[in-house]
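J.: Relevant sequence annotations retrieved from TrEMBL are reproduced here:
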{"type": "TRANSMEM", "residues": "30-56", "note": "transmembrane segment"}
{"type": "TRANSMEM", "residues": "68-90", "note": "transmembrane segment"}
{"type": "TRANSMEM", "residues": "111-134", "note": "transmembrane segment"}
{"type": "TRANSMEM", "residues": "210-228", "note": "transmembrane segment"}
{"type": "TRANSMEM", "residues": "240-259", "note": "transmembrane segment"}
{"type": "DOMAIN", "residues": "315-601", "note": "domain 'Major facilitator superfamily (MFS) profile'"}
{"type": "TRANSMEM", "residues": "318-341", "note": "transmembrane segment"}
{"type": "TRANSMEM", "residues": "353-373", "note": "transmembrane segment"}
{"type": "TRANSMEM", "residues": "385-404", "note": "transmembrane segment"}
{"type": "TRANSMEM", "residues": "410-433", "note": "transmembrane segment"}
{"type": "TRANSMEM", "residues": "478-494", "note": "transmembrane segment"}
{"type": "TRANSMEM", "residues": "523-547", "note": "transmembrane segment"}
{"type": "TRANSMEM", "residues": "553-573", "note": "transmembrane segment"}
Amino acid sequence: FAAVSASSLATTATMGLVAMPEMRKHNYNVSMASGSVVAGGTIGSLIPPSGMFIIYGILTETSIGKMFAAGIIPGILLALFYMIAIAIWCRLDPNAGPRGPKYTLKEKLWSFTRTGEVIVLFALVMGGIVLGWFTPTEAGAIGAFGAIVVSVARRRLTWAAARTAIYSTLKTTGMIFGILFGALVFNSFITASTIPLNIVNFVTDSGLPPMAVLFLVLGVYFVLGMVLDASAMMTLTIPLFFPLMMNLGFDAILFGVLVVRMTEIALITPPVGMNVYILSGVVKDIPLEKIFKGALPFVAADILHVAMLPPAKRGWGLVTTTGVLTGFGHGFVAFAVSALLKPIALDLETSRGAVSTAIGLGRLASGIASPIVGRATDRSGARGVVVLGMVLTALGLVALGFVQTEATLYLAWSVLVSAGVAAGFTVALDKLVVASIRETRGMALAMRFSVAAVVSTLLVPFVTVLVDTVGWRNTCSIWALVILALLPIPLLTFERHTPPQPPASGIAKNSAGTVRSILVQPALWLIAFAFMAQAAVVTGLSVHLVPLMTDNGLTATVAGTLFGGMILLSVPVRLLAGVVADRAPISVLPIFLAILLVLEA
């Protein structure tokens, strides 16, 4: 809904009217229900067409289209963080979120047949914005007109229904503007006191290093958010902070994402917390203190989410973006597949060995496809290759959900999924990173894979719960939709052609870069041996870890969480490897690699 309304306040007001009665009817904890509504409303700031991104783009003359694209992955991650917060809350207090009625797959699929027009309307609104057919404001008008047309076509728009809809819209809009007018009056007093200007001057004159200044700026936004509304905050501070952050070398797009995120956190923090007041106005019998109490776990999730966002340094935003894409794509195939192994084997009435053989053949297919992908990336750029790979991966996951035999399993996994992963989430993304960050490319690649590891850490337990809840076939279909939802990222943020890469200082130095010149390099064979050892662990052991733990009495959720923790432990070694690769002499690298091989053994 946030993608259509472009307003956190409107999202909170509408979902308060729609979701709160249903959750209360099913005996949800009032604090948790209200907290999830007010916090969920803030996701609208990251989902196109975000009103806050539009304000930031106008104030800083930054591409609004690129701002929209940059918000998609953080928006998905934020939704995942909120889900984890709710899961922990329900684990600590099972009565907070009682189980709802279960529905069969046929009933779920039937429900989609009644939403076809809405999906088409959503695609029209979002597609028109992305393709530049109309502005977000015009898209809102088209969406409203389309909703009227759909209602008339379904013969659901009676005079009584129209009168009720108009009255409710005017009532909700009037309430929102009443709160906004009050906030604007309060903003005028705060501005007249020069407190915000004094805070900005303090940060500007602090003389701290760039990253410390960034954290200080974000802290200022968090504090100001307790007394100012988001648009007022940005209007007051962006003209002062933006030039400072650009001079310190930060990226305008990523700094904008961080600023918008901090301003939205302010919507659920006291004393202003405008989303809280909006919900209180919609659902009048819930005290403000209960709503604020329910929002606290989500504020904690917000802070963790901001800590995971990229540092906004130029070039490093691409590192984080490619890392997140790798986590969602390659992380699912390499790690989360462990949650699929046992149910696939049981459903197809085959052995786990047969399923893991399909996974192994998939790795072989990825290896065969990688040189082809590399050549295509060199010739036509990374964007098209990544998009094609993501589409292939999604198609493979959908096909995987329909397999009935080992042969079709091999075809879906080993051909479509694995070739798609090779194209969409590995070689082309590596090329983008090393072409964009040349001085410290070792650390850049280490950061990329570390971000992917962090995403995989969250992904594995989430997928295990998903498999346990909706089954492995539905999980594959859901993940195909997730990957397709990420397509605007490469389409809008990657350049059409990858910048030329300078001569490497290691393997291909003083060579023409031909296959023969690379094959004679001793370092290549050492790396190949290292990959063989890694394959034994990643493709061999890790695929069987979750089934092994569930066989020994652990729940799928606990097993997935433990496995995710194991993946997270690889991050320090990855970062150390990045430092060594950039700073150590080339002769030392084989020794370091040998030490890592011994540790892995």
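Heads up, the Cβ atoms here are built off N, Cα and C, so glycines get one too.
Please treat TrEMBL annotations as automatic predictions, because they have not gone through curation.
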J.: With Cβ distances under 8 Å as the criterion, find the stretch in 111-134, 240-259, 318-341, 385-404, 478-494 that has the most pairs with the transmembrane segment (68-90).
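T.: Most Cβ pairs under 8 Å with the transmembrane segment (68-90) come from 478-494.
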J.: Against the transmembrane segment (553-573), which of these stretches has the most C-beta pairs under 8 Å: 30-56, 318-341, 478-494?
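T.: Stretch with maximum Cβ contacts: 318-341.
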J.: Pairs 6 or more apart in sequence, C-beta under 8 angstroms, 3 or more of them: is that satisfied by the transmembrane segment (385-404) and the transmembrane segment (30-56)?
T.: no
J.: Taking 30-56, 353-373, 478-494 as candidates, which has the most Cβ pairs under 8 Å with the transmembrane segment (318-341)?
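T.: Checked against 30-56, 353-373, 478-494; highest Cβ contact count belongs to 478-494.
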